[in-house]
Amino acid sequence: MAKKRIAVIGAGASGLTCIKCCLEEGLEPVCFERSGDIGGLWRFQEAPEEGRASIYQSVVINTSKEMMCFSDYPIPDHYPNYMHNSQVLEYFRMYAKEFDLLKYIQFKTTVCSVKKQPDFSTSGQWQVVTECEGKQQVDVFDGVLVCTGHHTDAHLPLESFPGIEKFKGKYFHSRDYKNPVEFTGKRVIVIGIGNSGGDLAVEISHTAKQVFLSTRRGAWILNRVGKHGYPIDLLLSSRIMYYLSRICGPSLKNNYMEKQMNQRFDHEMFGLKPKHRALSQHPTVNDDLPNRIIAGLVKVKGNVKEFTETAAVFEDGSREDGIDVVIFATGYSFAFPFLEDSVKVVKNKVSLYKKVFPPNLEKPTLAIIGLIQPLGAIMPISELQGRWATQVFKGLKKLPSQSEMMAEINKAREEMAKRYVDSQRHTIQGDYIDTMEEIADLVGVRPNILPLVFTDPRLALRLLLGPCTPVQYRLQGPGKWAGARKTILTTEDRVRKPLMTRVVERDSSGGSLVTVRVLMLAVAFFAVILAYF
C-alpha cells in the first residue's frame with residue numbers, strides 16, 4: 001500500500017517537527033516554504049518579509065532551553081539557558097540535520113490554495129496549488145498540516161489613535177524595528193507592553209533621549225531569572241505546582257504569582273500595576289525594564305488619547321511634546337487565505353478542536369499546528385500536536401463527533417473569556433502543562449507516575465517535583481526514546497553547565513530545582529490525596 005502523502009505548510013519550528021512526525025508514522029511529507037531557508041520567526045533578516053513576523057537583532061528567547069527543546073533532541077549543554085535568536089536558529093538547523101529533514105522541503109514555494117478534492121467526503125484528499133519561480137503546480141495530498149504560526153500579519157490599529165495621520169514624526173509597527181542606532185538623541189513613544197514593547201523600550205532607552213512606554217492596562221512583569229538564579233519557567237512548570245494550583249484555585253494562584261513578581265519591585269509604585277489579576281493576561285517577560293524605569297530612561301504612561309503634529313496627549317490629560325518617533329508594538333493577527341472556507345478566522349478567533357482540528361470537515365485530514373499562545377514554550381506543544389495529528393491521519397486515533405467537538409470548543413472559549421481580559425492576543429491562550437498533558441493523553445504518552453514510585457522512585461520524584469520538560473513525553477508509548485530517563489535526571493547539569501565558566505567551590509546550602517520545601521509540599525499533597533481517597 002502506497003504511503004499517504006502529507007503537505008506541510010511552513011518550515012519554521014512547527015513545520016520541521018511535523019516533517020519528523022510524519023516520518024515517524026510512516027507518512028510521506030512534502031513541506032512548502034515560501035522563503036529560501038528554515039526557521040520561520042526565528043530567522044533574523046534586515047528587511048522584513050510580508051506575511052512573516054520579523055524579529056530584531058538582539059532578541060533573546062523568553063523560554064529556557066530545557067523547556068523549549070524538542071522532546072527527543074536536547075539542546076547542547078553548553079548553550080545558554082536563554083538563547084539568542086541566532087542560537088535558536090542554529091538548534092533548528094542541528095535538528096533538521098540530525099533527522100535528515102531538509103530533503104523534504106521545497107523552498108521558495110508559495111502555497112496559493114488548498115481545496116477539497118471533489119470526492120473529499122470519501123477520500124479526505126486535498127488539492128494543493130503551489131507557485132515557484134512564477135510556475136504553478138497542482139498536487140493531491142492525503143492530509144495537510146498548516147504550520148504558518150500566528151505572527152503572520154502585523155496588527156496596526158491606527159484607527160484607535162486619532163491624529164496619527166497629522167503626526168509629522170516617524171511611526172511604524174515593531175516588526176520593522178531592527179536596532180536602536182537610528183533613535184539616538186530622540187524622544188520615542190512605544191505603544192504596547194507585551195514582550196516586544198518591553199524589549200524595545202529597554203533597548204532604545206540606551207540611545208534615545210527619552211522613551212515613553214504607553215500601556216492601556218499595565219502589566220505584570222516576569223523575570224527570566226528566578227530563585228537561586230534558575231530559569232523561572234523551570235521553577236513554575238512542575239507537576240506538583242500544577243496539582244496544587246488546581247486544588248487551591250485561581251485566587252491563591254494569582255496571589256502567589258503577584259507576590260513573586262512584586263518581590264523584585266512594587267508594580268504599583270512603578271506605574272505598571274494593572275486592575276486585572278496576574279493570570280488574566282499573558283505576562284510580560286523582561287529582566288531590565290524596572291532598571292530603566294528607576295533610572296528615568298523609560299517613563300510609563302497611560303493610553304494615548306490623540307496625537308498632534310509633534311505631541312502625544314494621554315488619557316489622563318498629560319502631554320508629551322517634541323515626540324520624534326512612535327513605535328506600535330501592538331502584536332500580530334493571523335489568517336489562512338489559502339484555505340478559503342475550510343478554516344474561518346473572525347476577530348482573531350478560530351474554531352478548532354483542542355486548538356488543532358476544524359470540527360466541520362467530513363474527514364479529519366487537515367490540522368493547524370502551533371496556533372497557540374502558551375504560558376510557556378510553543379515548540380514542544382507543536383511537536384505533540386504534530387504527533388497527535390499524524391496519528392489521526394493514519395487512522396490510529398479517532399476524533400469525537402462534530403457536535404461533541406463544537407461543545408468542547410464553546411466551553412473552552414467561555415472559560416478563556418472568563419479568565420482573560422478582552423484582547424486580541426488572548427484568543428489563542430493556553431497553559432503549558434494543561435495543554436501538554438491533554439494532548440499527551442490523546443497520543444498515549446503521558447507519564448504514569450504511580451507505578452514509577454515503586455519501580456523507579458528517583459525518576460518518579462523528578463517527574464512530580466522537577467520541571468515538566470518535553471522529554472518526559474518520550475518515556476513511554478508511541479515514539480518512546482531510550483535516552484529520555486537519563487535526560488530527565490541530568491536536567492540540572494545542563495542548566496548549570498553554561499553558567500560555570502569560572503571554577504568556584506560548590507556551596508552545599510545553595511539552591512536546587514528540587515528543594516526540601518518542595519519535597520515537603522509533595523508529601524503533604526499525597527497525604528491529602530490519601531485522606532480523600
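Start at 1 and count along the chain as shown; that gives each residue its number.
Glycine residues also receive a Cβ, built from the backbone N, Cα and C atoms like all the rest.
Swiss-Prot marks one residue of Ser35, Ser214, Ser251, Ser401 with the annotation phosphoserine, and that residue is Ser401. Glu33 is the residue from Glu33, Glu49 that Swiss-Prot records in the FAD site together with Gly10, Ala11, Gly12, Ala13, Ser14, Leu41, Trp42, Asn62, Thr63. Within the set of modified residues Tyr56, Ser280, Ser401, the entry lying nearest in space to Asn62 (FAD binding site) is Tyr56 (CA atoms). Listed in chain order, the residues near the NADP(+) site other than Ser196, Gly197, Gly198, Asp199 are Ser174, Val190, Gly192, Ile193, Gly194, Asn195, Leu200, Ala201, Val202, Thr284, Asn286, Ala329, each with its Cβ within 8 Å of the site Cβ centroid. Of the listed modified residues, namely Ser54, Ser58, Thr284, Ser401, the sparsest CB environment within 10 A is found at Ser401. Around the Cβ of Tyr56 (phosphotyrosine), the number of neighbouring Cβ atoms within 10 Å comes to 18. Scoring each of the recorded positions (Ser14, Asn62, Ser196, Ser280) by how many neighbouring Cβ atoms lie within 10 Å, the top position goes to Ser14.
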